[in-house]
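Here is what Swiss-Prot records for this protein:
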ACT_SITE  S137  active site, nucleophile
ACT_SITE  D165  active site, charge relay system
ACT_SITE  H229  active site, charge relay system
DISULFID  C4-C87  disulfide bond
DISULFID  C176-C181  disulfide bond
DISULFID  C219-C227  disulfide bond
DISULFID  C244-C268  disulfide bond
DISULFID  C245-C293  disulfide bond
DISULFID  C261-C266  disulfide bond
Amino acid sequence: GPKCPFNTDTVSMIIETRENRNRDLYTLQTLQNHPEFKEKTITRPVVFITHGFTSSASETNFINLSKALVDKDNYMVISIDWQTAACTNEAAGLKYLYYPTAASNTRLVGQYIATITQKLVKQYKISMANIRLIGHSLGAHVSGFAGKKVQELKLGKYSEIIGLDPAGPSFSSNKCSDRLCETDAEYVQILHTSNHLGTERILGTVDFYMNNGKNQPGCGRFFTEVCSHSRAVIYMAECIKHECCLIGIPKSKSSQPISSCTKQECVCVGLNAKKYPSRGSFYVPVESTAPFCNNKGKII
């Protein structure tokens with residue numbers, strides 16, 4: 001059969017809330033069995049997390065990200081598991097041959113998220129202002145396609161999309177309609193952590209270049225790219241746990257120390273980024289070990 005097929009049978013959701021932390025798997029058909037979906041309305045804010053190529057929603061970094069969100073702000077976290085369509089289950093040495101297939105599946109997975117969103121908005125009365133999408137690598141583009149589709153469906157825009165080192169190959173030279181783009185949500189936040197698996201291209205409302213967007217400190221000499229690529233997920237989880245611990249300085253002022261930052265020109269990476277007025281590209285110096293903080297006690 002075709003490799004890495006996408007259909008509604010090959011994608012599932014892991015739902016985590018404070019009351020239900022058992023990370024059970026749901027499909028579109030079984031969603032109404034989740035306690036939260038037995039209610040008439042859902043009042044808490046929702047975050048969708050989407051993994052990338054050859055990954056899954058059960059990878060440690062995504063479990064930690066989900067946990068950080070639920071602990072911090074009482075979100076309902078819906079982790080999209082599209083591992084079959086992301087070629088995770090293909091023979092180890094052959095996975096990379098199927099990258100173009102996984103890349104082309106991103107639009108379908110995005111439309112799937114839009115379908116769930118439509119249900120949340122129409123049936124459960126959730127406001128689009130209360131829905132955020134966080135996607136890593138190919139999952140960042142999935143989130144972008146979801147953002148385009150909900151606008152087509154006249155639902156409005158998601159409040160925010162956070163692209164964690166959006167995939168470069170197959171996407172970086174695409175026009176806005178064929179990749180994650182700053183018009184896909186009210187606010188699009190990008191973390192750049194690798195320049196081969198990711199991309200240096202400006203994609204968002206704010207683009208954070210972590211350690212210049214290239215090799216991340218502490219990633220060593222071997223498998224540096226893969227390590228750097230996944231660091232974006234780890235940084236975001238840390239930024240949720242420790243508010244304002246990573247501060248971005250405008251690229252035009254990147255020679256200045258973080259200590260010179262003001263609320264007007266610098267921006268904190270994470271869920272509060274959009275509260276800061278500054279837009280554009282930012283340089284973020286990063287430590288080599290968790291929690292990676294660069295603020296040295298400074299809070300802007």
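Cβ from N, Cα, C; glycine included.
Swiss-Prot feature annotations superimposed on the structure.
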residue: C4; record: disulfide bond; Cβ neighbours (10 Å): 24
residue: C87; record: disulfide bond; Cβ neighbours (10 Å): 25
residue: S137; record: active site, nucleophile; Cβ neighbours (10 Å): 31
residue: C181; record: disulfide bond; Cβ neighbours (10 Å): 20
residue: H229; record: active site, charge relay system; Cβ neighbours (10 Å): 26
residue: C244; record: disulfide bond; Cβ neighbours (10 Å): 19
residue: C245; record: disulfide bond; Cβ neighbours (10 Å): 21
residue: C261; record: disulfide bond; Cβ neighbours (10 Å): 20
residue: C268; record: disulfide bond; Cβ neighbours (10 Å): 23
residue: C293; record: disulfide bond; Cβ neighbours (10 Å): 17
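Taking C87, D165, C245 as the recorded positions under consideration, the smallest Cα distance to C219 (disulfide bond) is found for D165. In this view, D165 (active site, charge relay system) is surrounded by 30 other Cβ atoms within 10 Å of its Cβ, with every protein chain counted. Sequence-distant neighbours of C266 (disulfide bond) (same chain, six or more apart, CB under 8 Å from its CB) are I247, G248, I249, P250, I258, Y276, S278, F282, I300, listed in sequence order. Using Cα positions, the member of the disulfide-bonded residues C4, C87, C176, C227, C268 nearest to D165 (active site, charge relay system) is identified as C227. Taking C87, C244, C268, C293 as the disulfide-bonded residues under consideration, the smallest Cα distance to the residue listed as 'active site, nucleophile' is found for C87. Counted over every protein chain shown, other Cβ atoms within 10 Å are most numerous around C219 among the disulfide-bonded residues C176, C219, C227. The recorded positions C176, C181, C227, H229, C261 include none with a CA atom within 10 A of the CA of C245 (disulfide bond). For C293 (disulfide bond), the spatially nearest entry among the recorded positions C176, C227, H229, C244, C261 is C244, judged by CA separation. Across the structure, C176 (disulfide bond) and H229 (active site, charge relay system) place their CA atoms 22 angstrom apart. The closest partner of C227 (disulfide bond) among the disulfide-bonded residues, by CA position, is C87; the full candidate set was C87, C181, C268. Put simply, H229 (active site, charge relay system) is 19 Å from C181 (disulfide bond) when counted between their Cα atoms.
When the Cα of C87 (disulfide bond) is compared against those of the recorded positions H229, C244, C268, the shortest separation belongs to H229. Ranking the recorded positions C4, H229, C261 by Cα distance from C244 (disulfide bond) puts C261 first. The secondary structure of C244 (disulfide bond), as reduced to three states from DSSP, is coil rather than helix or strand.
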